[in-house]
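Asks: Here's a structure for you.
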Amino acid sequence: MQTNFLSQQFNAGSLAENSTACPANATICDGTSCVLPEDNFNQTLSVVLSTVLTIMLALVMFSMGCNVEIKNFLGHIKRPWGIFVGFLCQFGIMPLTAFLLSLAFNVLPIQAVVVMIMGCCPGGTASNIIAYWVDGDMDLSISMTTCSTLLAMGMMPLCLFIYTKMWTDADAIVLPYNSIGLSLVALVIPVSFGIFVNHRWPSKAKIILKIGSIVGAVLIVLIAVVGGILYKGSWIIPPKLWIIGTIFPAAGYTLGFFLARVAGLSWNRCRTVSLETGMQNTQLCSTIVQLSFTPEQLELMFTFPLIYSIFQLLFALLILGGYRLYRRHRVKTKTDVEKTAQKEDSKSGAKINGGFVSDEMK
């Protein structure tokens, strides 16, 4: 009797340990890797944070619009060579790169599909913020983001149909056109107000731009952190996806820059196209994945958009840091050369013309 009682206690303890390792309400359970359903608190937190972040993003895009000149913006629309180069990068280079990486690393079909979805997404709004900090062409940056989001309604289904046939039925992928439309509206409306403010009150627009650029930099980091917090549960992610998530954005930045340079664009536009190519709309990719696949499939692919967003931000910050160091060194060197040239010109001119050399030139 006592032996049976101890045996029952041991079994109860084992069950308690298992329930601690993997809760009973887990929708997917593989050892200690569990995916939990969203509880009410997590849903409420997600709604609140999404609302706050959406308002902040609208304000940031409003401030970015304050750096856009109407004439320059319309010039890019009328002579869309830069936009066309960006289009080739966004819907040519990125889907092809995603396809080649999936083949090279021989990932599972469902994982290849999520890599392809990421490659077919339009540019994200974070690229506009980073483009400002690297002295990019803001008119081109915003026009590229707007056009890629608009064209995504047709180009995403086409690219996914072409590239995903060998892995899955393209009809199984649900494209949230309402989310794409909302992204477009959230981009166009605040930017339009910013352009108007810059046209009417340029001095005030500069102040708004400085504040918005700082808030935007904070917002990028905040979105990444919040995204990590809201992914409740733990997943066993294959190393291949981590490697692809590292290589993919780096390839996008590099190939976008070189294609823009080959196309004859200026250096600041090359930087702009590079950022627009490498920085994808990861939120849209996450939405498509959640709408299109079962919980069992999500276990193998759900966190790839988060992995990509982490590394696209990391490489963007490295580009920003490298550019700032280069600019500081270049400006210092250029200033020293100009001062030396001015001293020599002033002294030589003074000798020839019988003038004098001021104390500032000595």
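Every residue number used here counts from 1 along the chain in the order it is shown.
Every residue, even glycine, has its Cβ placed from backbone N, Cα and C.
So TrEMBL says this about it:
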COMPBIAS  337-348  compositional bias 'Basic and acidic residues'
REGION    337-362  region 'Disordered'
TRANSMEM  45-63  transmembrane segment
TRANSMEM  83-105  transmembrane segment
TRANSMEM  112-134  transmembrane segment
TRANSMEM  140-163  transmembrane segment
TRANSMEM  175-195  transmembrane segment
TRANSMEM  207-229  transmembrane segment
TRANSMEM  241-260  transmembrane segment
TRANSMEM  306-326  transmembrane segment
Asks: Six or more residues beyond either end and a Cβ under 8 Å away: which residues meet both conditions relative to the transmembrane segment (241-260)?
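Replies: For the transmembrane segment (241-260), the sequence-distant neighbours (Cβ-Cβ under 8 Å, at least 6 residues beyond its ends) are 82, 85-86, 88-89, 93-94, 97-98, 101-102, 105, 107, 111, 115, 118-119, 269-280, 301, 304, 307-308, 310-312, 315-316, 319.
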Asks: Which sequence positions outside the transmembrane segment (175-195), separated from its termini by at least 6 residues, show Cβ-Cβ distances below 8 Å to it?
Replies: 54, 57-59, 61-68, 70, 73, 122, 125, 142, 145-146, 149-150, 152-153, 156-157, 205, 208, 281, 284, 287-288, 291
Asks: Between the transmembrane segment (83-105) and the transmembrane segment (306-326), are there three or more C-beta pairs closer than 8 Å, counting only pairs 6 or more apart along the chain?
Replies: no
